[in-house]
């Protein structure tokens with residue numbers, strides 16, 4: 001008895017919070033899909049990259065020995081970082097799913113190219129679903145409830161509050177995802193100034209992804225693995241913040257009116273004529289069906305004498 005009650009209570013709890021459970025599964029599934037892509041890309045491309053590095057190393061040693069015979073010595077040799085370790089593959093998978101695509105790292109093997117196609121075909125719609133679900137939940141707490149609170153609590157005009165809220169939210173987003181990260185990148189990247197760092201933030205979060213500036217690719221980059229993971233998180237969070245701001249501005253009443261100027265208006269007369277024709281056809285079909293049903297009923301009725309009741313009464317009297 002207790003087990004049945006506990007089971008029914010669990011079922012009711014799940015049904016009451018079904019939306020939250022579905023959203024949690026969506027987030028978990030997307031993160032697992034991102035990690036899955038990183039693992040596959042790393043396992044497929046890393047051996048191929050290692051083979052290329054060995055071939056280049058042999059050629060490099062041959063050139064060094066040849067230069068040494070001519071009296072030219074190599075004092076130092078800085079080896080590059082791996083392009084397909086787990087963190088770099090995770091960063092690459094995030095740029096593929098977000099359609100940023102810097103182009104600084106590309107699959108070289110045939111297996112990696114084939115997997116990239118399949119991974120993108122499934123992952124890009126999955127990313128759109130993930131971002132839509134996240135933005136819809138965030139905008140309730142970030143935009144709609146604050147605007148409604150100031151409108152009801154303090155009696156301000158809803159349109160004025162919405163405009164001020166959108167401006168404040170845009171300023172906070174620019175500060176947190178453009179200005180502050182640009183200052184951080186200008187410190188962590190040796191060759192970047194503030195303008196170049198701000199340029200990278202804009203190119204990345206707008207999903208343009210030119211690839212002329214990519215962080216974490218220096219030879220002496222400290223904590224490179226952690227740095228790559230942080231950049232991946234920054235790109236996902238920044239993209240969500242940009243979509244929240246765009247959705248907030250799109251909900252402004254003035255912007256909705258402006259957008260309606262470019263929409264194609266429906267012709268009401270054509271719609272009314274179409275509705276009337278549809279109603280006439282429906283009415284005629286119904287009347288035809290009713291008439292046919294009456295004919296069938298008459299055909300099925302037994303034969304009835306057509307004499308009038310008065311004639312029958314006269315005959316009985318006689």
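Backbone N, Cα and C atoms are what each Cβ position is placed from, and that goes for glycine too.
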Among ranges 197-214, 251-268, 269-286, whichever one TrEMBL labels transmembrane segment: 197-214
Mind checking which residues of the chain, 6+ beyond the ends of the transmembrane segment (160-185), have their Cβ under 8 Å from one of its Cβ atoms? 142-143, 146-147, 150-151, 192, 194, 197-198, 200-202, 205, 215, 234, 237-238, 241-242, 244-245, 248-249, 251-254
Counting by DSSP secondary structure, give me helix, strand and coil numbers for the domain 'Potassium channel' (174-250). 54 helix, 0 strand, 23 coil
Taking every residue in the domain 'Potassium channel' (73-138), what is their average pLDDT? 86
Mind tallying the domain 'Potassium channel' (73-138) by DSSP state, helix then strand then coil? 41 helix, 0 strand, 25 coil
